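Take a look at the structure below.
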């Protein structure tokens, strides 16, 4: 009772969240969320969507990380998806392929990986971008890549059923040449 907590005292409270004891960085209705932080990070885009929908969520300035819990991640995604469905039902100009776009957090990637992506797709940017700017640029490009989902899934299922991969194909073709 000298102001220091002992190991016995710490067992009385709620269990410590996993991964370095980080909890969600959001404040909901003036109360800090106590759920364990997941791997989703609080970005400017998420902050913008929260303010547009007038949700009672804010970031706790006292924490040193930007990770949010899975509950809030799913909650924010569901609010965003409801809005997209409403615009497409009302006859809005929303294309069919953008209704169920999953959120991909490219900020989790390393800077070298983001640069390699930028170089591969020859994305034009100004020099000296920091990681956040680079991730945002790559994310915008990534969302606009057209994908033939049916063809991709059909090919994937075929490859799984035939127990082959591209590496198997390369080794088979090299054996035939010899």
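Cβ from N, Cα, C; glycine included.
Copied from Swiss-Prot, the annotated features are:
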ZN_FING   24-72  zinc finger
DISULFID  24-25  disulfide bond
DISULFID  33-69  disulfide bond
REGION    80-99  region 'Disordered'
MOTIF     81-86  motif 'Nuclear localization signal (NLS)'
* To do: Please compare the disulfide-bonded residues 24, 25, 33, 69 by how many other CB atoms fall within 10 Å of each one's CB, and tell me which has the fewest.
  => 33
* Kindly state the mean pLDDT of the zinc finger (24-72) in the predicted structure. => 80
* Asked: residue 25 (disulfide bond) to residue 33 (disulfide bond): how many Å between their Cα atoms?
  -> 7
* **Separation of alpha carbons, residue 69 (disulfide bond) and residue 24 (disulfide bond) (Å)** => 5
